[in-house]
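Now, the feature entries from Swiss-Prot:
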type: BINDING; residues: G175, V176, S177, I243; note: NADP(+) binding site
Amino acid sequence: MIVSMLAATDLARILDGRRIADDLLDALKTRVDARVAAGKLPPTLAVVLVGSDPASVVYVRNKRRAAEKVGIKAYDFDLPEATTEAELAALIDRLNADPKIHGILIQLPLPGIPDAHRLIQRVDPRKDVDGFHPQNVGHLALREFGLRPCTPRGIVTLLGHTDRPVRGRNATIVGVSNHVGRPMGLELLMAGCTVTSCHKFTPPQMLEAAVRQADILIVAVGRPGVIPGEWVKPGAVVIDVGINRLDDGRLVGDVGFESAVKRASWITPVPGGVGPMTVATLMQNTLEAAEAADC
């Protein structure tokens, strides 16, 4: 059973990503409604899906539903799995040139296309609402305005809903992917944390030590239970980005939840923690892309 408040047993409070994401979407809808009332176009999002991977289909459906809730107009581009890189590049070029399109979402992975990064770089950075383009990551590194990667930005929003300070805290990130771990480090540096990043070359004893000293622990590896809950520092805030399906069908994170919940002050559930925030932040970026296009 998920714990919703700090109980007498000192279990962690749950960072309910679904509730916080819904609140963010409601706030975005208010801004979109005001925009439309002022005679401006509603924000628009081109959603590009290649193939029919079940997980990708679910993710795209969730993003389309969120767009509809906020008042963002989504344009669907559902392409066959045999779509070539050249064909996808041509579509991206058309969307880049279309002033009625504010945001472009390329759902990853792209079947049959070995270098998705090359296509991500082709998206106009001003329409890169995923925040994956090197120019947008560079803006984040330089603490400049840009479209920030959705999952790290959503995690920062989650951290703001705890009663724990962020500035001056020790933060450990486990996992250094381009889309989560690396930009997460930049976000936390900007927030005033002292950041330690761990990866596959980090010796096990060093990994354990880094986790045990973390006031804020963010794990994004994609391996169930890779971080034992017993390692969590008492009172730490734990953000579990991993989502893994076990043989029995259960979805679990990268952190041993049953033991971590007894040590942390706040912890995200899996599912229902980081995932909804990523989707809501995508809508936030899309609205900001539309607002920037007005200037």
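Just so it is clear, glycine is given a Cβ too, placed from its N, Cα and C backbone atoms.
Note: S177 (NADP(+) binding site) has non-local neighbours A220, i.e. same-chain residues 6+ apart with C-beta under 8 A of its own C-beta. Put simply, the two farthest-apart Cα atoms among G175, V176, S177, I243, the recorded binders of NADP(+), are 16 Å from each other. Annotation note: G175 (NADP(+) binding site) sits in a coil segment as assigned by DSSP. The C-beta environment of V176 (NADP(+) binding site), restricted to residues of the same chain at least 6 apart in sequence and closer than 8 Å, consists of R182, G185, S197, C198, H199.
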